[in-house]
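S.K.: What follows is a structure written as structure tokens; I'll ask about it next.
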């Protein structure tokens, strides 16, 4: 993450908060904390997306990094992707008739209708008798697939 220092009020501002900082400090211009580059026009800091790392800053000649090579490889891969992408021709849309499947309705011995996809709460809400709810809940079983099934007695 790139962090800037406001040269007007000497406040440390992360890049994501620079626009908000202009409301408090309208004449703000920033200096990157990592690479010490000053952006005096007030807008060019937006293009400053990558910067040197702390290792590179403090180790100077001792630092051996492949940052430039990685960036070049990424650019090459992006160019290859753009070249290999076929030009898409708009295909004609074929409308298929929508066929609704009849819902499976399973009736229990208590006369409770079980619809596939219906929540257990709604099923229990339709039941009036407390004893029927109790026996219904006792007959629910979890199968080997982890699904709740109604065990027929």
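Glycine residues also receive a Cβ, built from the backbone N, Cα and C atoms like all the rest.
Straight out of Swiss-Prot:
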ZN_FING   1-26  zinc finger
BINDING   6, 9, 21, 25  Zn(2+) 1 binding site
ZN_FING   27-52  zinc finger
BINDING   32, 35, 48, 51  Zn(2+) 2 binding site
REGION    63-96  region 'Disordered'
COMPBIAS  65-83  compositional bias 'Basic residues'
S.K.: Given a separation of at least six residues and a C-beta threshold under 8 Å, show me what packs close to residue 48 (Zn(2+) 2 binding site) in the same chain.
M.R.: 2, 15, 32, 37, 39
S.K.: To the nearest Å, how far is the Cα of residue 25 (Zn(2+) 1 binding site) from the Cα of residue 35 (Zn(2+) 2 binding site)?
M.R.: 23
S.K.: To the nearest Å, how far is the Cα of residue 9 (Zn(2+) 1 binding site) from the Cα of residue 35 (Zn(2+) 2 binding site)?
M.R.: 20
S.K.: When you measure from the Cβ of residue 21 (Zn(2+) 1 binding site), which residues in the chain that are at least 6 apart have a Cβ under 8 Å away?
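M.R.: Long-range Cβ contacts: 6, 11, 13, 28.
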S.K.: Other residues near the Zn(2+) 1 site, CB within 8 A of the CB centroid of 6, 9, 21, 25?
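M.R.: Everything else in range on the chain: 8, 11, 13, 22, 24, 28.
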S.K.: Might you list, by sequence position, any residue in that chain lying six or more from residue 51 (Zn(2+) 2 binding site) with a Cβ less than 8 Å away from its Cβ?
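M.R.: Within the chain, residue 51 (Zn(2+) 2 binding site) has Cβ neighbours under 8 Å at 2, 32, 34, 35.
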S.K.: Out of 6, 25, which of the binding-site residues has the smallest number of neighbouring Cβ atoms within 10 Å?
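M.R.: Each of the binding-site residues 6, 25 was scored by Cβ atoms within 10 Å; lowest is 25.
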S.K.: Quick one: among the binding-site residues 32, 35, which has the most Cβ atoms sitting within 10 Å of its own Cβ?
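M.R.: Ranked by Cβ atoms within 10 Å, first place goes to 32.
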S.K.: What other residues of the same chain, not counting 32, 35, 48, 51, have a CB atom within 8 A of the CB centroid of the Zn(2+) 2 site?
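M.R.: Residues close to the Zn(2+) 2 site, other than 32, 35, 48, 51: 2, 33, 34, 36, 37, 50, 52.
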